[in-house]
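**Student:** Grabbed the feature section from TrEMBL, which reads as follows:
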{"type": "REGION", "residues": "1-32", "note": "region 'Disordered'"}
{"type": "TRANSMEM", "residues": "83-101", "note": "transmembrane segment"}
{"type": "DOMAIN", "residues": "85-493", "note": "domain 'Major facilitator superfamily (MFS) profile'"}
{"type": "TRANSMEM", "residues": "121-143", "note": "transmembrane segment"}
{"type": "TRANSMEM", "residues": "150-168", "note": "transmembrane segment"}
{"type": "TRANSMEM", "residues": "174-195", "note": "transmembrane segment"}
{"type": "TRANSMEM", "residues": "216-236", "note": "transmembrane segment"}
{"type": "TRANSMEM", "residues": "242-260", "note": "transmembrane segment"}
{"type": "TRANSMEM", "residues": "302-320", "note": "transmembrane segment"}
{"type": "TRANSMEM", "residues": "340-363", "note": "transmembrane segment"}
{"type": "TRANSMEM", "residues": "370-389", "note": "transmembrane segment"}
{"type": "TRANSMEM", "residues": "467-488", "note": "transmembrane segment"}
{"type": "REGION", "residues": "524-557", "note": "region 'Disordered'"}
{"type": "COMPBIAS", "residues": "532-549", "note": "compositional bias 'Gly residues'"}
Amino acid sequence: MASPDPEKAGSPGQGLGGTDHSHQYTENNGMNTIIDENGHEQAPHHGMSIGQYVKTRFTTLKPAMRPAPNPIRLLSMITGRQWAFFGVAFFAWTWDAFDFFTVSLTVEELAKDFGKTNTDITWGITLVLMLRSIGAISFGIAADRYGRKWPFVVNNLLFIVLELGTAFSQTYSQFLACRALFGIAMGGLYGNAAATALEDLPPAARGLMSGLLQQGYAFGYLLATAFARGLVNTTSHGWRPLFWFGACPPVLIIALRLLLPETEIYEQHASVRRTARANGHNKGGVSATFLREGKVAIKKHWLILIYLVLLMAGFNFMSHGSQDLYPTMLRSQYSFSANAVTVTQVVANLGAMSGGIIVGFASQIFGRRISIIVMCIIGGALLYPYTFISSKSLIAAAFFEQFAVQGAWGVIPIHLMELSPGAFRTFVVGTSYQLGNLVSSASSTIESTIGERFPLKNGGGKVGYEYGKVICVFMGCVYVYTILLTFVGPEYLGRSFDVSEDEDVREVAGEEVVRGAVIASHMHGHGHGGDAEGSGSGSEGGEGVGGKAQGKEVEVA
């Protein structure tokens, strides 16, 4: 899929590709890739002007039609260590979603207990979404500077404390305070989970595994739905047992993460920073090098950072707008029983999980942008039956609507990773996701507030609100917005994450230092992610980059 490279975005006046280098084109599994004069991979349309970029928005939607690999073969390429990284990230992201939806699934119970309206309780959802960006920024910077491991552990420790705090809240103010703090803790997880799960994987497997990772969200929703049915209002403690239970699994997640080391790609970046310091290339040590990388990333990639926030706002409006108030709509507008709501939600989330995995895999063949756009079109076409059918046949519409919503979402983890500056991948992925959450934070409150303007009456008395109409119109607008943003945006299908292909790192540390570190890595590092010691051009006595180079040797045709 030919598309301009946001990694190479230059300063204003240079065009999308920045400084124009001498280059040649080579065919790389169905996409045109530029190789510069130093033999480094550049994105399609490197050096293209803004005008040229605009002209290619239609032509680049042509499906890449890369050869479809056997999914079994892709899975067999993943090592045990990579599976361990993926597994712990998947279950942490699953429980992040579980903890979030505990409030969505108990809105009416919380409102009754605290003597508030449903709209008042949805502020507990809104505060979580609003404050997630603080966690994404702080934990994202920590993960890129100090490693993926310990910020991940701290995140999950906070999950335990704050979920228990919510469970023991006695007043509405205490409830809101716990949810606000919970938002900060939850905000730090997504970027770290995506980096932990995906950055060490073989490139050919990333689309499939991206879709699987993202469906931790749907799996968490499914688990929350099932456990809410089993734990809420089945004891004298009302809604509280669901939150008590939510504090337990993070203990196991923490234990598993403590058993694992850092990812190989993070070790590569950390080792280059130490090598640069050892050779006197940068004054002030590792932290100074890290800060210089940050300055370079902001200077060169500020436009793509803004774009990713806007894109993720659309995606978060899409998921929260279609899900958060849906159980309330089923009960209030269509009088579904508790069992019927549970069955509908479980089926919807099975559709979501199927869509994310299938479309994530398909995006590796057809391209990221075209996969997202097609899913948004399908989702828009299904809005009427999803929100206006009152019989049990609505369950089928719920399955396919969430197939489309989470099908589009299944592309997002790897799409964000491919578009993000390498040295700040956790920060950019997490922050763009959570700032998008901030923009969309009032989704459920907006829908609830507008819905209450359309009361439904039966025999002269109010029996509910016409939430279906509001969700339908709201989601229609969101789909149009997301399609337009995806259409105008860039794509870097199949990008290498190897540090030697990171232009920002080469600019900060120097071509010679990076080359020497990579040579040392090939000589002494054999996939364990450690810092190989040895000599090389410009890095005598320095520490090499741990782990194998990624990108070219593991791509599957």
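Heads up, the Cβ atoms here are built off N, Cα and C, so glycines get one too.
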**Student:** Out of 121-143, 150-168, 340-363, what stretch is closest in contact terms to the transmembrane segment (242-260), meaning most Cβ pairs under 8 angstroms?
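**Tutor:** Top-ranked stretch among 121-143, 150-168, 340-363: 150-168.
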**Student:** Take the C-beta pairs under 8 A between the transmembrane segment (302-320) and each of 150-168, 216-236, 467-488. Which stretch has the highest count?
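**Tutor:** Checked against 150-168, 216-236, 467-488; highest Cβ contact count belongs to 467-488.
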**Student:** Give me the stretch from 121-143, 150-168, 216-236, 370-389, 467-488 with the greatest number of Cβ pairs under 8 Å to the transmembrane segment (174-195).
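**Tutor:** Counting Cβ pairs under 8 Å, the winner is 121-143.
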**Student:** Quickly jot the same-chain residues contacting the transmembrane segment (216-236) by Cβ under 8 Å, restricted to those at least six beyond its ends, or write none.
**Tutor:** 90-102, 105-106, 109, 193, 242, 245, 319, 323, 338-339, 342, 345-346, 349-350, 352-353, 356, 402, 406, 409
**Student:** Mind looking up the mean pLDDT for the domain 'Major facilitator superfamily (MFS) profile' (85-493) in the predicted model?
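**Tutor:** A mean pLDDT of 88 is what the model gives the domain 'Major facilitator superfamily (MFS) profile' (85-493).
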**Student:** Do at least three C-beta pairs under 8 angstroms join the transmembrane segment (150-168) to the transmembrane segment (121-143), pairs 6 or more apart in sequence?
**Tutor:** yes
**Student:** When you scan the chain for residues with a C-beta under 8 Å from the transmembrane segment (121-143), skipping those not six or more beyond its ends, what do you find?
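**Tutor:** The answer is 100, 103-104, 107, 110-111, 114, 150-152, 154-155, 175-176, 179-192, 195, 316, 320, 324-325, 424, 426-431, 433-435, 437-438, 440-445, 448.
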